[in-house]
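A.B. asks: Mind having a look at this structure? Questions to follow.
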Amino acid sequence: MREKNQSKQKIALKNSANKKKNNPKRSTRVAFKKKIMRKKEWRNNKYRQHETTRKKNHGKQKRKRLRRSNLYKKLLLEIGSTLLISISIIWLFSLFTFTFAKVEGYGMIPTLADKEMVFINRNSVKRRFKLAYIRKPDGRGNDIRRIIGLPGESVNYKGDQLYINGNIVVEKFIYEEIGQAKNTDNSYTEDFNLEEDFGLTRIPEKNYLVLGDNRPYSTDSRYYGLVEEKDIIGIVEMRILPINLLEQL
């Protein structure tokens, strides 16, 4: 009897399973669930692929930025090194060949005015009427003054006329100023005699007589004496500032 009941139960369960299996509604629900699961799995796969691609791209961009940053650093380092080397070379070169100076005072008017900047050639030849950048013999700084007398020469001024070794030499750079002084019965350059003022018949070797162009107000060799060659730093070649007055001198 018990065996029959168990057999009946098995048959009923089997029939129920077959009914469920053959039930079209249930088949639709299962298919729908499977479809949703596949779609979720597809989305998950897409997300994983997207994340993988994003991480790869992020890594590439990071490496690219790093390379670019290293390139900029290298470029800046090279530019900095080049500038430093260039500045050092220019500085060393300037110690022996050129320098710049600012005009101090009004002793060189009308040729140079106060605060103007000039270019100095350290190796230029010292000729008459050249502008020399000098160390003052009294030790009170530097000056720009015009070379008038050269070594071995006798120098005299009389009636606004320059005499070198007894010969008249025209000073064209102050020609107008001399004319204006004569019109007012004044002298632009006071009478000067090398022998009477310095006790010398001629300028010694490696010494120079320098005067400012603004003769009535200039402090120059008439006050602090002759300038030794070692105290001539260089020769003024050009006015460089202000830029609108750029001019070779």
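From the backbone N, Cα and C atoms, a Cβ is placed for every residue, glycine too.
From TrEMBL, for reference:
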COMPBIAS  17-41  compositional bias 'Basic residues'
COMPBIAS  42-54  compositional bias 'Basic and acidic residues'
COMPBIAS  55-65  compositional bias 'Basic residues'
DOMAIN    77-240  domain 'Peptidase S26'
REGION    1-65  region 'Disordered'
TRANSMEM  75-101  transmembrane segment
A.B. asks: Are there residues at least 6 beyond the ends of the transmembrane segment (75-101) whose Cβ is under 8 Å from a Cβ of it, and what are they?
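C.D. replies: That would be 117-123, 133, 142, 144, 233-234, 236, 240.
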A.B. asks: Which value does the mean pLDDT take for the domain 'Peptidase S26' (77-240) in this predicted structure?
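C.D. replies: PLDDT averaged over the stretch: 93.
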